[in-house]
Structures are given as structure tokens and as C-alpha cells.
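Visitor: Taken from Swiss-Prot, the feature AMP binding site applies to TYR246, ILE247, TYR248, THR249, SER250, GLY251, THR252, THR253, GLY254, LEU255, PRO256, LYS257, supported by experimental evidence. What Swiss-Prot records for 191-475 is region 'Sufficient for oligomerization', and it gives experimental evidence as the kind of evidence. As annotated by Swiss-Prot, topological domain 'Extracellular' applies to 1-13. As annotated by Swiss-Prot, topological domain 'Cytoplasmic' applies to 35-646, with the evidence given as a curator's inference. The transmembrane segment annotation in Swiss-Prot covers 14-34.
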Amino acid sequence: MRAPGAGTASVASLALLWFLGLPWTWSAAAAFCVYVGGGGWRFLRIVCKTARRDLFGLSVLIRVRLELRRHRRAGDTIPCIFQAVARRQPERLALVDASSGICWTFAQLDTYSNAVANLFRQLGFAPGDVVAVFLEGRPEFVGLWLGLAKAGVVAALLNVNLRREPLAFCLGTSAAKALIYGGEMAAAVAEVSEQLGKSLLKFCSGDLGPESILPDTQLLDPMLAEAPTTPLAQAPGKGMDDRLFYIYTSGTTGLPKAAIVVHSRYYRIAAFGHHSYSMRAADVLYDCLPLYHSAGNIMGVGQCVIYGLTVVLRKKFSASRFWDDCVKYNCTVVQYIGEICRYLLRQPVRDVEQRHRVRLAVGNGLRPAIWEEFTQRFGVPQIGEFYGATECNCSIANMDGKVGSCGFNSRILTHVYPIRLVKVNEDTMEPLRDSEGLCIPCQPGEPGLLVGQINQQDPLRRFDGYVSDSATNKKIAHSVFRKGDSAYLSGDVLVMDELGYMYFRDRSGDTFRWRGENVSTTEVEAVLSRLLGQTDVAVYGVAVPGVEGKAGMAAIADPHSQLDPNSMYQELQKVLASYARPIFLRLLPQVDTTGTFKIQKTRLQREGFDPRQTSDRLFFLDLKQGRYVPLDERVHARICAGDFSL
């Protein structure tokens with residue numbers, strides 16, 4: 001019997017015994033016995049262990065909701081909120097560029113963004129128009145999207161790693177009327193210039209040699225220098241539910257999609273991070289993440305824009321300079337994502353690691369296997385791990401430092417934040433349905449797909465989707481919690497324990513079935529990486545002709561050709577089940593990652609274990625010999641012909 005059922009039964013028994021005329025003490029004792037016997041003691045245990053956590057989480061939820069309500073009623077937008085911050089502390093440092101040493105005060109950021117707003121208004125851009133921004137992370141990046149927002153123009157924030165077809169695709173799908181690019185991106189723009197429409201205006205910001213100037217490009221900086229720096233005389237008439245900018249998905253599973261970020265979503269993400277981890281006005285945040293993604297530009301820069309913190313930017317993460325920057329700029333909060341923490345652990349031990357003032361590291365993707373090693377080596381007291389995607393409505397946060405957890409949902413107040421793990425078909429990753437057509441919720445310990453109930457009138461539960469309607473529709477399921485409702489499908493598999501803590505398992509498609517067992521790519525990657533001294537590893541499943549399921553394949557960074565596959569295999573046998581050990585190995589100079597340090601597997605999966613597709617060293621696990629053997633075209637042909645036992 002579940003706790004609510006046990007509670008109902010105990011109340012009923014109490015009423016019945018009282019009705020029969022027994023003393024109230026007997027009735028109470030009997031009711032308590034019924035409650036405990038029905039499993040209610042588990043509920044009491046959960047309450048005792050999680051009440052403090054849940055009440056703090058509830059206070060954060062209420063605080064963010066009240067702040068959003070106040071701003072909505074006032075007709076505020078993100079630029080309005082920033083301007084209030086700038087008026088309050090004009091001379092405080094807003095942004096610091098660690099690469100160049102350039103510092104911008106709040107007054108300077110406000111002035112620059114005003115110039116951007118006035119210039120594009122003068123050029124005829126109207127509220128709702130789109131301008132693509134394509135430059136590395138530096139103060140100008142923030143000033144550009146903020147200034148465009150002041151004019152009601154939507155910025156499409158392009159990934160600076162995009163080239164050729166993906167770059168042209170993202171520009172095309174954004175419906176941008178203009179492109180602002182940094183001088184450092186001129187070559188990339190030149191590669192796609194013929195694919196871009198002639199009506200697309202181009203502006204270049206930053207250093208650019210005369211030989212690099214494209215024929216149809218205007219130099220932005222001189223134009224901004226001549227533009228008025230006062231606020232626009234007429235506000236664009238936007239609100240918290242209007243579009244602020246587009247952020248593109250990482251593209252780990254195909255071409256990027258443009259996720260819509262409205263003003264209230266920007267506020268919500270930044271505010272949840274601020275209050276969940278008790279950030280302070282005096283904090284200095286170190287942000288070495290890409291500004292074209294939400295972690296760097298909303299969770300990080302949002303602390304500057306909304307709450308007035310100083311944010312130190314570094315356009316590209318550097319493991320060797322990370323702690324030096326933190327010491328130099330007196331940083332108290334740092335951000336991480338993906339594999340950053342592992343890269344830091346690979347660095348030689350230095351004294352500077354212990355001279356910093358960092359009290360909080362906030363981000364996502366810290367593997368449980370290195371969580372405690374990271375905190376102990378670098379002396380960071382608090383880890384603020386969270387789960388969320390730019391567009392999702394089911395973000396969660398680890399607010400009390402539970403090792404390995406990416407967040408929680410209350411087991412007591414389950415309806416306060418309507419998210420759920422639901423059972424899915426392991427092959428198709430489609431939600432399973434019960435006899436009434438509703439999704440089947442998972443019990444504690446059961447992995448399931450994370451979903452969030454959609455309510456477009458609630459800024460904490462709305463789903464704004466993507467520029468592409470078809471992409472938006474693919475992320476929505478109906479009749480999930482109850483008949484006729486709608487829910488956002490995260491695409492991620494998590495598992496929840498009895499206390500409501502959630503643990504990230506896999507992104508949909510990051511498991512494969514082999515020998516009748518489900519293999520988690522993330523778990524195998526963590527084991528291999530640890531065995532190899534935190535080396536970059538990508539694990540994925542590949543189809544073998546005539547064989548059911550997918551065989552495991554591991555791509556391992558081996559730039560100096562020093563890895564001995566069979567020495568590694570001896571260790572693998574001690575720590576991985578036989579079905580989880582990779583059948584194929586690919587040793588390559590480096591493993592491709594996205595701009596947010598997520599492993600890029602699309603090309604690797606497409607090329608599979610075919611030696612004709614790559615010049616990298618390939619190996620095959622010959623089970624009869626019990627060792628990895630080189631995989632050439634002859635061995636490949638024999639595998640495809642079924643000559644080997646797999």
C-alpha cells in the first residue's frame with residue numbers, strides 16, 4: 001500500500017473505532033498500526049529526510065514565480081530589468097574579458113547596447129525582425145543581443161563552430177535579415193557567402209584586415225561610434241512572453257534547431273540558478289562557456305543582466321588558465337559543463353588550485369565518478385549540478401549537494417512542480433500507455449523519460465518550442481498526466497530514488513541493446529575514461545549484418561598512438577560486464593566535441609567499423625582469442641559474412 005492509501009485507511013479505521021465507542025487512545029493506536037502496516041512509515045521517513053530540502057525548493061519556486069509576476073504586471077522585459085540594474089550601479093564592473101583584459105562597467109554596457117538599438121532602428125529594422133549574431137564570446141556579444149532586444153529585434157545566436165552547410169542552414173532557418181559577425185569569423189562567412197541571399201545585410205565587428213573584408217560587408221564599429229547612446233525614444237512594445245533571441249541546439253544528433261527563448265524564459269533560468277544556489281550581489285562569476293548557448297549566456301551572463309553580478313568571460317575554455325583566472329579576478333562562482341571538470345582534473349597539480357576564493361561550481365554534466373575527486377582536489381565547497389535544456393519546462397536542480405544527483409522532485413509535494421518520469425519502449429523510446437491511454441509513471445529505481453506538463457499561461461511551465469513547427473510538435477505528447485493534457489518530452493532518461501533525487505542516465509538513443517541487455521553509453525564512457533586517465537571517449541552502438549541488436553564501439557583519443565588495446569582489455573574485464581565491453585575500438589587523434597563539450601557521435605556512428613571509411617586505427621574483439629585484433633578490410637568482410645562469433 002502506498003503512503004496516501006495507508007493514510008486514508010488509518011483515518012477510516014480511526015473513525016470506525018470511534019463510532020463503535022472505543023476510547024480515543026485505542027482508536028489512535030489502531031489507526032497508527034494500520035498506517036505503519038500499510039507502508040506509511042516509508043512516507044514518514046521520506047518526510048523526515050526531505051522536508052528541509054523540499055521547503056527550500058518550494059521557497060525558490062515561489063520566489064521566482066513572484067518575481068516574474070511582478071515584472072509581468074509592470075510590463076518589463078529583460079532590457080528594462082537590465083536598465084534598472086545599470087541605473088542602480090553604473091560604475092560597477094559588469095563584464096570582464098579575461099582574454100584581452102578589457103572591462104566594461106554597467107554604464108558602458110548600457111551605452112553600447114543603446115547605440116546598437118538606435119542604429120538598427122535607424123536602419124529600418126522593426127520589432128520582430130531577426131538579426132543573426134556570429135562572433136566569439138566577449139562583451140560586445142552581450143551588448144549586441146541586448147541592444148537588439150532594446151529595439152525589439154530578435155537575435156539568432158549562431159554557434160561559432162558552424163561551417164559551410166550547417167552555417168548556411170542555421171542562417172536560412174532563422175529568417176535573418178542581417179548578419180553581424182566578428183572579424184575572426186570572416187573566413188567562415190566567406191565560405192557560405194554565395195549561398196546567402198543578396199538581401200541579407202552583413203556587418204562586421206572587431207579587428208578585420210583590409211584583405212579579409214567581404215565586398216558586401218559594412219563595418220559595424222564606426223557606425224556604432226556615430227549612433228546615439230541614449231535610450232530609444234519609443235520602446236518596442238514587447239512583453240515577457242515575446243521572443244528575446246534564438247539559441248541553437250548542439251546538433252549532436254543532426255542539424256541544429258533554433259530554440260525560442262522568450263524574455264520570461266531567460267529570467268526564469270537565471271533566477272532559478274541565482275536563488276537555488278544562494279548567489280550574492282558581491283559574487284564574481286567566471287564564465288568560460290560559449291555565449292551562444294543557454295548555460296553561458298543565461299545561467300552565467302544572466303546573473304549580470306538581471307542581478308548585477310560581475311561576470312568574467314573567457315571566449316574559450318582553457319584548463320591551464322582556469323584557476324589563474326579565478327585567482328586574478330577574485331571569482332567566487334565558476335561554471336562548468338560537459339567534460340570541463342574532467343579536463344581540469346587532468347592538469348598537473350599546482351599551488352594556484354588552492355589559492356582561489358571559489359565557493360560554488362554550478363553547471364551540468366559532472367560525472368558521479370569524479371564528483372568527490374573534483375571537490376576534494378580543488379577545495380570547492382558546493383557543487384550546483386542542475387538538469388535542463390534551453391527549451392525545456394522540466395528543469396531540476398541539486399540544491400543540497402547530493403553526490404551524483406542532477407536535481408530532485410518532491411515526493412511530498414508532487415503536484416507543485418508537475419514533472420514525471422514515464423516508462424518508454426526501450427527500442428523506440430516512445431512513452432508506454434496504460435489501458436486508459438495515459439503514460440505510465442515510473443516507480444523509484446525505474447529509469448524513465450522525463451516529461452513536464454505544459455501550461456502556456458504559466459511562465460514556469462510553458463513550452464515555446466522551436467522556430468520549426470514540425471520540430472516543436474515532435475517534442476509534445478498528449479494525454480500524459482491526464483486526458484487531453486500536453487507535456488514536453490525531454491528526450492532524456494533519468495532515474496529517481498525513494499527520496500526524490502534524480503540521476504541522469506542517458507539521452508534517448510544513448511543506450512543500445514546487445515546480447516539481450518541494455519548498454520548505457522555514458523556508463524561505459526565513464527569507466528573507460530577513468531581507466532585511461534580521463535581520456536576523451538565516445539561509446540555508441542553499431543549495426544553488424546545478420547546480428548541482432550547493436551555491438552558496442554568505443555572511439556578513444558590516442559594522439560600519440562600509445563594505447564595498448566589488450567592491456568586495456570585486461571582491466572575492462574574486471575569492471576565491465578561482458579555485454580558492455582566494446583566489440584570495436586577506434587583510436588583517433590581526438591574525439592570531436594560540440595562547443596559545450598558534449599561528445600559528437602553523429603559522424604562516428606555513420607562510419608561505423610568500416611575501415612574504408614576512415615584512416616584511424618580500428619580493432620575488433622575476437623572472443624575466441626580473448627583479445628583485440630587489428631580490423632582491416634579482410635577482417636571486416638569476415639565479420640559481415642558471419643565468420644566470427646559475436
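Positions of Cβ are set from backbone N, Cα and C atoms, glycine also.
Quick one: how deep are these features, and who are their neighbours?
Guide: The Cβ of TYR248 (AMP binding site) has ALA156, LEU157, LEU158, ASN159, CYS170, PRO256, LYS257, ALA258, ALA259, TYR292 as same-chain neighbours under 8 Å, each 6 or more residues away in sequence. Secondary structure at TYR248 (AMP binding site), as computed by DSSP, is strand.
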Visitor: If you average pLDDT over the topological domain 'Extracellular' (1-13), what do you get?
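Guide: Averaging the confidence scores along the topological domain 'Extracellular' (1-13) gives 49.
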